[in-house]
């Protein structure tokens, strides 16, 4: 089981969904924070969902306030970076580029992409965490509680 | 990680983390916990400010995100720096150098990029230590400077002190602001110190604006001193006004030397420069000091006429020292009040006709404290006009003064006759009125001997107030001090006188003063060394001697 979990995680990294930052987070997980990574992920998805919503609304309005969009995206990028959501981060960067260029079309397109990546990551992570929980204590050696 | 078991710090260092992004905040919190810091988090800048204001000593360090909806991170950074003087680290996903620069200019200790790594957080405690050291240094400087004034007693020392003082002043001015806020390491924050330099600028600004129109904001702008706040200026102005008022009140009462005073005042302003050197030493002169300080600057600012000129006017003034003693009588220097007693004695001792001797003693009450009857008598008793008595002249001046004081028997009447002294003081003191009122009373004391010679040493307190560590030395001590205190004008006058004592100081300054001083000098030659070193103005006097 644990091996399976490890494999899944590895694939996430390989596929570029996650980066080193995620590993850093895992480092932080310990007895005091046994589910740290999962908690943080949950927080992230909650936050980012809210942000995505805001951006969606802004885009739907069609007003294309690039400054505001850029600002949202900056936030999004910040949290994505913190959690190590690599692909999402990339999309964020692209989105901001389009914003700066004032390219509404580009923004819309990128945003769609971003949402997709975001959703995918979420699913994968959720799956991963589920398995990890089932597999028992983290694979990293820890003193049994 | 963590520092090692040896040193508890930075373990337990209290950090306040601010970030509107919950994910980042959570991560940051965990990271900080991992570093064994004590963490408080909030996702609102406003809340963070409230937490900080509620108890300044509750946190050692603040980490804040740059982009926050309720308040700009840089703004928070500024406020924290100003109000609490805590080290602040900025955090952002922006790696743009512009932001980093902005962080630096707003006073951030460090700027970290997201995602934050634990290695970076492990070292943030250095900022707390650094800030603490800086505070300590400032505090030390302040206390050192304060302590220095009492050590002025020889020329060398004086010079050294002066230099040190200048350095200190510089630092003080720079650090002033920094000292305003709480030190995270729980050090007492040093108050803004009004050094003579600073005071000079203040006076300059007030002069330009005119006392009636001198408002803190304008004064602050004119002064153009870094890190000085409007509040500092306001409180200083308040003190200054109070001192002036006091002097005026005193002067009004006495009204003797009114005229003389005006003369003196001019002289005083001329001597302005002297003030510098006059060690304010005695705190007693507070009031006087304030005025004197003011005057000092005036003197410095505008040495309108040569002191000699000033004196000329007052030639009629007792400065001629014939009376020596009574000169001080006229000095209404109320601030000197305290010194009065001392001064009187001193004055008496001095015998110096020049009011100075009395000044010195008078310092505290140049304004002719009743006690002092006039030191001007020049009773040689005290040999050193140095007021010591009041001023904390630690030095021998005290002895002098006491002698002087005791010897001042100059009866009040004498005092009157000796407008010189008083006048002189008055002159020194911008508050001419000073002279008058006090003249009657203890004119002698006013003048000062306080300032001269002895005062130098004694002045420490006063100067401390002003941060004048110049104490040139006891020599001119009393007078200088006294003078300073009584009023800027007075100071000048005193200084001059003191100089004379030393060696004929007043030479350049005032013709009439010269006389006074000379007389004083002779009497008080013992006074000393007016090392003049510190007494800036003394030097200008050209060492009357």
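Every residue gets a Cβ built from N, Cα and C, even glycine.
Automated prediction, rather than curation, is the source of TrEMBL annotations.
The domain 'Response regulatory' feature in TrEMBL is assigned to B:14-129. Across the range of the domain 'Response regulatory' (B:14-129), the DSSP-based residue counts are 57 helix, 24 strand, 35 coil.
Cβ contacts within 10 Å of residue B:65 (4-aspartylphosphate), excluding its own Cβ and spanning all protein chains shown: 24. Feature annotation from TrEMBL assigns 4-aspartylphosphate to B:65.
The region 'Disordered' annotation in TrEMBL covers B:139-192 (among others).
The compositional bias 'Polar residues' annotation in TrEMBL covers B:142-158 (among others).
As annotated by TrEMBL, compositional bias 'Acidic residues' applies to B:168-183.
In terms of DSSP helix, strand and coil, the domain 'HTH myb-type' (B:186-245) has 41 helix, 0 strand, 19 coil. Annotated domain 'HTH myb-type' per TrEMBL: B:186-245, in sequence order.
If you look up TrEMBL, you'll see B:299-323 (among others) marked as region 'Disordered'.
Annotation source TrEMBL lists compositional bias 'Polar residues' at B:312-323 (among others).
The region 'Disordered' feature in TrEMBL is assigned to B:340-364 (among others).
TrEMBL lists B:342-351 with the feature compositional bias 'Low complexity'.
Taken from TrEMBL, the feature compositional bias 'Polar residues' applies to B:352-364 (among others).
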PLDDT averaged over every residue in the domain 'Response regulatory' (B:14-129): 88
